[in-house]
Amino acid sequence: AVLDGDVRKCLPCGPRNRGRCFGPRICCGEELGCYLGTPETLRCQEESFLPTPCESGRKPCGGDGASCAAPGICCSSEGCVADPACEREALFA
């Protein structure tokens, strides 16, 4: 997908705001791993009310607009799956 200048980073979330929202109930960070449907994800529901789309993660994985969310984890706004393409070494290859 071609990135244009309009895409902003999704809201920060989780302990000390070290994660990013990946969906309304998903918060992930490189050091945190992923929270799904926990109190850490409550802030992510605010994304639904913001008018512009957002993007989290750097490396695409798994299709359907998903991207690497934490080492070994690939997330879309719908959920997360284990994905070896997202291992820490692969992120910086």
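Cβ atoms here come from the backbone N, Cα and C positions, even for glycine.
Bond annotation: of Cys61, Cys80, only Cys61 is listed by Swiss-Prot as forming a disulfide with Cys74.
Disulfide pairing as given by Swiss-Prot: among Cys68, Cys80, Cys75 connects to Cys80.
Here Cys86 is paired by Swiss-Prot through a disulfide bond, and of Cys54, Cys68 its partner is Cys68. Bond annotation: of Cys34, Cys44, only Cys44 is listed by Swiss-Prot as forming a disulfide with Cys21. Checking Cys10, Cys13 against Swiss-Prot, the residue bonded to Cys27 by a disulphide is Cys13. Taking every protein chain shown into account, Cys13, Cys80 are the disulfide-bonded residues, and of these the Cβ with the most other Cβ atoms within 10 Å belongs to Cys13. DSSP assigns Cys44 (disulfide bond) to a helix. Neighbour list (Cys34 (disulfide bond), Cβ cut-off 8 Å, at least 6 residues apart, same chain): Gly19, Phe22, Ile26, Cys27, Cys28, Ala69, Ala70, Ile73, Cys75, Cys80. A 10 Å radius around the C-alpha of Cys86 (disulfide bond) takes in these disulfide-bonded residues out of Cys10, Cys61, Cys74, in sequence order: Cys61, Cys74.
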